[in-house]
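Below is one structure, written out as structure tokens; the observations come after it.
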Amino acid sequence: MAEGCMMALRYGMVFFNLLFWLGGCGILGVGVWLSVTQGNFATLSSSLPSLSAANLLIAVGTIIMVIGCLGCVGAVKESRPLLLTFFILLLLIFLLEILSVMLFFIYQDEIDHYAQRDLRKGLQLFGTEGNVGLTNAWMIVQTDFRCCGVTNHTDWFEVYNATRVPDSCCLEYSDNCGLDNPGTWWTAPCYERVKDWLNENLVALWIFALCTALTQILGLVFSMTMFCQAVKVETFYA
């Protein structure tokens, strides 16, 4: 009976980590595709230019692939070092996620202030050479969220040193429409619009977070169970 349970646990671990690894491959592939086709797409931060959608996806995909591979090979071979390494890496990631969430709620006001200041600083790089990713990102955000600037459409006045905004701020897009009357521009702040969108989808975000945490906890339990069983078997036959 015990042997049958361990066999089922092993196959479950292999299947779980195979899906984990394939998911990492998919995320890595999307990241590489974005990097090749879009450059530094979706980077809005001037102080963290490497924090782009492509780079984040590549990093996350690589980490998932490595951990999934360790767990899969460790389960197949019932290798104590690989199972223990898988457990430690997954535990570290789990603890870092909990720490990040706690720090976010504790320093939420400070993070808000820093993010707005950094985003306003990033506006100065809009349309400049070598900042295609930032420029494209702002154009997409303003068009999709129907907003203008970080905290107000007047944020752009400091960038242009004139009463004008990018054409992506216009109610109806046309070339040089950002030079027209302010009544033809979006006036809602993009920072608040994005926060409102996140709040509207808060339930989906929490469900995703809980599913992720549950998956990680199951991975920790399965890997440690297999590790302990491998230790018992080795001790028995020693």
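Any Cβ shown, glycine's included, is placed from N, Cα and C.
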> If you look at what TrEMBL says, which of Cys147, Cys148, Cys190 makes a disulfide link with Cys169?
Replying inline: Cys148
> Which listed range (12-36, 83-107, 203-222) shows the maximal number of Cβ pairs under 8 Å with respect to the transmembrane segment (56-76)?
Replying inline: 12-36
> So what's near the transmembrane segment (203-222) in sequence-distant terms, Cβ-Cβ under 8 Å and 6+ beyond its ends?
Replying inline: 9, 12-13, 16-17, 20, 71, 86-87, 90-91, 93-94, 97
>> I'd like the number of other C-beta atoms within 10 A of the C-beta of Cys148 (disulfide bond), please.
In response: 27
